[in-house]
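Down below is the structure, laid out as structure tokens.
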Amino acid sequence: MPDTLPQPPEVDRDLALDHGLTDDEYDEILDRLGRTPTFTELGIYSVMWSEHCSYKNSTALLKTLPTEGDQLLAEVGEENAGLVDVGDGKAVAFKIESHNHPSAVEPYEGAATGVGGIHRDIFTMGARPICALDSLRFGSLEESRVRYLFDGVVRGIGDYGNSFGVPTVGGEVYFEDAYEGNPLVNAMSVGVVDTDQTARAAAETPGHHVILVGAATGRDGIHGATFASAEIDEDSEEDRPSVQVGDPFTEKLLLEATLEAIREGVVGSIQDMGAAGITSSAFEMSASGGTGMDLHLDRVPTRETGMTPYEIMLSESQERMLVVCEPGDEEALAEIYGKWDLNAQRIGTVTDTGRVRAYWDDEEVATLDPAHVAGDDVPVYERDTERPAYLEETRAFNTDDVPDLAPAEVEDTLTTLLGSPNIASKRWVHEQYDTMVRTNTVVGPGASDAAVVRLKGTGKGLAVKTDCNGRYVYLNPRRGAQIAVAEAARNVTCAGGTPVALTNCCNFGNPHNPEAYWAFAKAVEGMGDAGRALDTPVTGGNVSLYNEHPEGAIFPTPTIGMLGVVDDIDTQPTAAALQNEGDALFLLTPRDWCHPERTDGSEYLSTVHDRTAGDAPHLDLDEEVAVQSATQALIREGLVQHAHDVSDGGLAVCLAESVIHSDGLGLEATLPAADRLDAALFGEAQSRVVVSVRPDDALALDAALTDHNGVRARRLGAVTTGPLRLTVGDEPVLDASPAALTAPYEAALPDAVT
């Protein structure tokens, strides 16, 4: 570090605008301070008032979401992640976050540090991460740039997670032209903690010491938060220095040291250093605790020479945390972190001044009110909204605008859909991840509608899933978001769990675009509708706006991370694969289900007819609740041999996947006569689940449903050792061997990336 400060640039309006602040925001800063900010203060405001840190364009909308529940142990925004009581003295911390912009310019490091950051949020709560999931979106794999991004992101996730020692147990990958220049990389972490061992983030006690723990500080990631709050354009490649560099082995040491320090009772409060680094941690901890801090930046361990206060405050170097402890506990902290070869350097003190003050060799370089920077007094905007003009065209679509299928075309159509990268096997992805490390994984990727992990020592498990179909949200933002929540919960239900709470990652376009903001607002309404109906409160999450590229905005994509509890880990986990020859097949639907089958918004319409049109598929939330409740009851009673929800690709793909995932089994099923064959087989209306039961349990299934008047079980057929045979009305339409279905399903992704 230099002994004396270099002369910082003179702060003026032009410099503020270069930092991403608006004219109005700079005027607000001048008014609040009554003076021109220092260069370091300007940097602090620029990152903390960025959308990435402040949620200034989303807070008003997010406050409308359901956030209360009997099992929730932390309020939204109060801690680093959501915290849910799952019984037996255990709590689950879970959260999903985005790393979209960094991954667009540096896919490997961008994805890797996204994984590292979300895990830190979890173990900062005192919870040990037990599994990870991801939700990824890319453009067409026909483009070489997309293949480069896809490969880099998957390797980054795999290398970091595998080295860190936490299994990646599930996720989803979609490929749509709308994500061509702006991939989405959303990472979710789930951890477990004893309810009496949780750690807090608020710095509440003046006189406590402020300790920087973990890795040394460098120049990587400076203004990463600001970069994440701007659109991607042709010049974004120049922002590679804004992408952080992660080290999973250091993070593993940080995990063990931090959990040990929390167990030993020497951590008063703790905050991960993510976006905006020391700045965000210090200001957020002070704002939450109603206190202040004095920070001595010349004490910060650095790995590069000549770093200035501005750079130290804004660095986003990874694998660092800010710990507040009682006086006298810093020696114990230093011993614990030193044992793991990590820094534990006292850099400041909690104060009662209500100011965060930064010093360099006792010279004050910044003094700001944390409430103005990270608390309740940050700017909050409600932007103009306008219904998108494109909806006039998409809603004009009628299913009859495209020709129906002839029976002879069904097999080719089905294999085409099974070979679509959106539906096809993601084995190429999963095989790059360690899915079994730590031996908690009961059901891994692809084996069920959701992953299931063991809660050791309890007899329980967790069912976890990420979900969102951006095409649905594009066509109908409110209903599409409802479907995202409903399907995530339905997947957890089909895997044997009871959904209890959700986290969300809101990926949308430029909030200054009224059409993009309208979609965001409607999607938040939809998430709220479904969360309330399904009794799955929102525990927190992430907002990523400005997801635009030179060709336009992404599909609005509110990714849902759903948490469910499996009450009996030995009997309830349920596979998506057929289990036994002779089992009876049923389709669970709402009792009065008579909604016209349509192909609107379907993978069939997109893949076969190259159309993204119509409305989002039908969903009635009361019907959805009824079907999920019935499915949960049937699984608890031990009647269900396999369960798979009807979603992308419709009923035909659902049945085909059940065959593909089984060990040499097939099925014979008969569907009612339909006005349109394509809609009956490939329409994606919601609230449908295919289950199989032992032949002797068919009557028991009917009896069990008497307590669920809103649901009926339609007999489809039986499990066989032969092909997949489908009859619609009286007409056979499909006779395909398991091998013929499996080949395109397994080959699509490897063929596309090579």
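In case you wondered, yes, glycine gets a Cβ from its N, Cα and C as well.
From a predicted model like this one, the values you see are computed outputs, not experimental measurements.
According to Swiss-Prot, the active site annotation covers H52, on the basis of sequence analysis. In the three-state DSSP scheme, H52 (active site) falls into the helix class.
Under the heading active site, proton acceptor, Swiss-Prot lists H99, citing sequence analysis as support. DSSP assigns H99 (active site, proton acceptor) to coil in the three-state reduction, placing it in neither a helix nor a strand.
In the three-state DSSP reading, N504 (ATP binding site) counts as strand. For Y55, K95, N504, G541, the entry in Swiss-Prot reads ATP binding site, with the evidence type sequence analysis.
Within the same chain, residues at least six positions away from E97 (Mg(2+) 1 binding site) with a Cβ under 8 Å of its Cβ are G114, G117, I118, D121, N186, A187, M188, C505, G541, N542. The Mg(2+) 1 binding site annotation in Swiss-Prot covers E97, N542 and is backed by sequence analysis.
The feature substrate binding site is assigned by Swiss-Prot to S98, H99, N100, H101, R120, Q244, E316, S317, Q318, S544. In sequence order, E251, L254, D272, G274, E319, M321 constitute the residues six or more apart from R120 (substrate binding site) in its chain with CB-CB distances below 8 Å.
Residues or ranges marked as Mg(2+) 2 binding site in Swiss-Prot (evidence: sequence analysis): D121, D272. For D121 (Mg(2+) 2 binding site), the count of additional Cβ atoms within 10 Å of its Cβ stands at 26 [all protein chains shown].
Taking the C-alpha atom of Q318 (substrate binding site) as reference, the shortest distance to any of the recorded positions H52, Y55, K95, H99, N504 belongs to H99. S98 (substrate binding site) sits 10 Å from H52 (active site), taking the Cα positions as reference. For the recorded site, N542 (Mg(2+) 1 binding site), the DSSP three-state label reads strand.
Between the CA atoms of H52 (active site) and H99 (active site, proton acceptor) there is a gap of 11 Å, rounded to the nearest whole number. Between the CA atoms of N100 (substrate binding site) and Y55 (ATP binding site) there is a gap of 16 Å. Of the recorded residues, K95 (ATP binding site) and E316 (substrate binding site) place their C-alpha atoms 20 Å from one another.
The CA atom of H99 (active site, proton acceptor) is located 13 Å away from the CA atom of E316 (substrate binding site).
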